[in-house]
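Peer 1: Below you'll find the structure I mean.
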Amino acid sequence: MRSEPVVQVQVLVKRYGTKTAVDGLDLAARQGVTAVLGPNGAGKTTTVEICEGYRRPDSGTVRVLGLDPVRESAALRPRIGVMLQSGGVYAGARADEMLRHVAQLHARPLDVDALIERLGLGSCGRTSYRRLSGGQQQRLALAMAVVGRPELVFLDEPTAGLDPQARHATWDLVRDLRDDGVSVVLTTHYMDEAEQLADDVAIIDAGRVVAQGSPEELCRGGAENTLRFSGRPGLDVASLLKALPSDASAAEVTPGSYRVTGKVDPQLLATVTSWCAQHGVLPDRISVERHTLEDVFLELTGKELRS
Amino acid sequence: MTATGTYSPQPGAAPLARMIAAQAVLETKMLLRNGEQLLLTVIIPTLLLVLFSTVDVVDTGDGAAVDFLAPGILALAVMSTAFTGQAIATGFERRYGVLKRLAASPLPRWGLMTAKTLSVLVTEVLQVVLLTVIALTLGWDPQGSALAVIALLALGTAAFSGLGLLMAGTLKAEATLAAANLVFLLLLVGGGVVVPLDKFPEAAQDVLGLLPIAALSEGLRDVLQHGAGMPWAGLGILTAWAVAGLAAAGAFFRWE
């Protein structure tokens, strides 16, 4: 695997009038799947569209596969695949017709029939694009992004509005692309999508990357984890606190329901259970809660991911 | 990572000529499949030609009505395809992100524009053949040189394409739809297509004569009806419109 980034964005700034959409953003996407995760209006699409060469940055540098997306667009375009958030197809074109057309613009495209079958677009038949369902339109846009056998694919919210089945079909294709050595940069505001697919996640808010790393790193680092147990009400929390490491905290959240926060590891769990044993407490429920990307996002930005 | 997986990267652009040809074929198919476009480019010119040649609605001066009408209808055909049809189609392609998506494909933007022009020319050839056959069966007796006719049609296409693309690239798709149809109707009436320009007040005639549709229809009429040589005045007016329209479209066209 190559180690240099497929996408390198440094102190990117993009303004629309007085509104700053991207505000000094740094992002490095390496080979594999990179998810750009953030709420609506965070600057995800603007960033990706700058990488695709659609917009010029106001300042900062962007390199995609080592190329400047605006000045070296002609060299870059054949090497990337693009899925827009919506549209991109003639209203009167059939799905297979449009896909074949995009294939014809490339030197060594995928087998169009196989791709149509793979994405379940065969049932579209002679239906024109404007009469396809939203899910069919999304899958066609995805097919158009990959048919040219690109090195790098940009997917802007590839599963927004899809039903669970179509979502999983999209996820499966993204995994196959990754396994075959295609790099994928996708934007999403679904944290489960980022957790499922991404080798690397960049959490973005108000035009900046607030955290970047693998989903595991992000959930481990920074965020505190939680252990909960239930017992009889009114246990001596102060004595439990004494038994715990100094950076942990404990509280009786509601009568009989206790919460320990801190670095939850096997040692901490053992400390809690042995304290229970010493105090003759049989916890009738004990659970370790792992932080999700959604929690991480909430802690970093104070905002809900999906508003 | 398997080197030979189904999706393993093998990027590359198709040869430029193949890309442009494929794009031109697709654009032409989209146009011929669109009912409203066919109404504009085929049905209206055909109906006007047949109706006004066979029914004495307007006084077309001396000689057979079809000899007056056929050049005007050819001018109308050019306008319907290069201006109205192209403006509406391109406006909606812009609205629905087709232009945007193609801008990220290996096809360069100038290649897309070349393909659009080829598609317009293919459509115009079909229109001219159809309308010529109909006019000949109605007794049309064309004069003049084919070269002068081709020069007029080519410059007319350039002038109307510039104006159509300017409209499509700057206005909203709905506004383009409305404006392109309105302009089509106004120029049909006031551009010497079926109504002779000398039916209008003299002051109006001078202004109307500068319109691209009038320059084209009167120029075609001078050649095809009266056997004139190169209609330089008309060619000059069309060149001015073409330069101004294409320059403005180049400067102000927005791709999304």
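Residue 1 is the first one shown; counting continues down the chain.
Any Cβ shown, glycine's included, is placed from N, Cα and C.
According to TrEMBL, the record shows the following:
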DOMAIN    B:32-256  domain 'ABC transmembrane type-2'
TRANSMEM  B:38-58  transmembrane segment
TRANSMEM  B:70-92  transmembrane segment
TRANSMEM  B:118-140  transmembrane segment
TRANSMEM  B:146-168  transmembrane segment
TRANSMEM  B:175-197  transmembrane segment
TRANSMEM  B:232-253  transmembrane segment
Peer 1: Tell me whether the transmembrane segment (B:70-92) sits in contact with the transmembrane segment (B:175-197), defined here as at least 3 Cβ pairs under 8 Å among residues 6 or more apart in sequence.
Peer 2: yes
Peer 1: Count, for each of B:38-58, B:146-168, B:175-197, B:232-253, the Cβ pairs lying under 8 Å from the transmembrane segment (B:118-140), and report the range with the highest count.
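Peer 2: Ranked by Cβ pairs under 8 Å, first place goes to B:38-58.
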Peer 1: Could you tell me what the rest of the chain brings near the transmembrane segment (B:146-168), counting residues at least six beyond its ends with Cβ under 8 Å?
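Peer 2: Residues 74-75, 78-79, 82-91, 94, 113, 116-117, 120-121, 124, 128, 176, 179-180, 212, 215-216, 219-220, 223-224, 228-231, 234-235, 238-239, 241-249, 252-253 contact the transmembrane segment (B:146-168) from elsewhere in the chain.
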Peer 1: Could you tell me whether the transmembrane segment (B:38-58) and the transmembrane segment (B:175-197) are in contact, taking contact to mean 3+ Cβ pairs under 8 Å with a sequence separation of 6 or more?
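Peer 2: Contact criterion met.
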Peer 1: Which residues of the chain, 6 or more past the ends of the transmembrane segment (B:38-58), have a CB below 8 A from one of its CBs?
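Peer 2: Same-chain contacts beyond the flanks: 31-32, 64-66, 69-70, 73, 76-77, 80-81, 84-85, 123, 127, 130-131, 134-135, 138, 184, 193-196, 199.
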